[in-house]
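Annotated signal peptide per Swiss-Prot: 1-27, in sequence order, evidence recorded as sequence analysis. Residues or ranges marked as domain 'Fe/B12 periplasmic-binding' in Swiss-Prot: 30-277. The cyanocob(III)alamin binding site feature in Swiss-Prot is assigned to Tyr57. Taken from Swiss-Prot, the feature site 'Important for BtuC binding' covers Glu79, Glu209. What Swiss-Prot lists as disulfide bond is Cys190-Cys266.
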Amino acid sequence: MMPLGLFPLPRAAVVLLISLLTLPAQAAERVISLSPSTTELAYAAGLGDKLVAVSAYSDYPESAKKLEHVASWQGINVERILALKPDLILAWRGGNPQRPLDQLAALGIPIFYSDPTHIDQIASDLDKLAQYSPHPEQAHQAAEQFRQHVNTLRDRYARSQPKRTFLQFGTQPLFTSSGHTLQSEVVSLCGGENIFADSRVPWPQVSREQVMTRKPQVIVVSGTQSQVDNVSAFWLPQLVVPVIALNEDWFNRASPRILLAAQQLCQQMASIPTPVAESH
């Protein structure tokens, strides 16, 4: 007979149990988000109704557009934040200036930092946000759905023939991604091999010659079809390979919607034939 403690629980029961264990004495009532990605995380975790202000470019979901802006690329409006009396601030460690955040923390305002460098950390952030959410079960369910979607993509494309992939950001100067970014993980998820995965810095500046030397089979950019045309023209005549453009917000924000970019990339990359043999 199986011991009671080892009896397998249905998935729904597990999610409910986790929700009860992480339910705080009092959920956050006045939340401020300082980046578009943390704004999306807040809504996914059931905190959308508690947001009182957000950062510039927080445009998803639609209701986020109606909220006051207290942060932008120019900085954080500490005075206005204090006037709004938040009991929780969601910050982007890699993008928000640290000094004003330290000032706010010194005044006793809880700050939740989000800066995932791995896809699985987005789900972890959702689970962690459950403790502040009036709907913790929503946060845990969003995290579980995210993990399931990631696993589905991994299973579907794990056996794909690897394609050497150049992640391109800009042209003059020309930047790319190392293997230690979310964007590179999305490429790997779809069977791509980031040709600059070995870079020691997350976002290295590279030369045209360095890219050519590594012989990419596909180029990935964020943008629209016009971006595809511009990038293709930029590499002519030396390099003629498929260029895939991904929705900029989906691809560049550390939120659940990054899996929409992953699905977009996986489908397009799978349709690109792999050369039978190449000369080296």
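Positions of Cβ are set from backbone N, Cα and C atoms, glycine also.
Confidence annotation: the domain 'Fe/B12 periplasmic-binding' (30-277) carries a mean pLDDT of 96 in the model.
Cα to Cα, Glu79 (site 'Important for BtuC binding') and Tyr57 (cyanocob(III)alamin binding site) are separated by 20 Å. Rounded to a whole number, the distance between the Cα atoms of Tyr57 (cyanocob(III)alamin binding site) and Cys266 (disulfide bond) is 27 Å. For the residue listed as 'cyanocob(III)alamin binding site', applying a Cβ distance below 8 Å and a minimum sequence separation of six or more within one chain yields Pro36. Rounded to a whole number, the distance between the Cα atoms of Cys190 (disulfide bond) and Glu209 (site 'Important for BtuC binding') is 26 Å.
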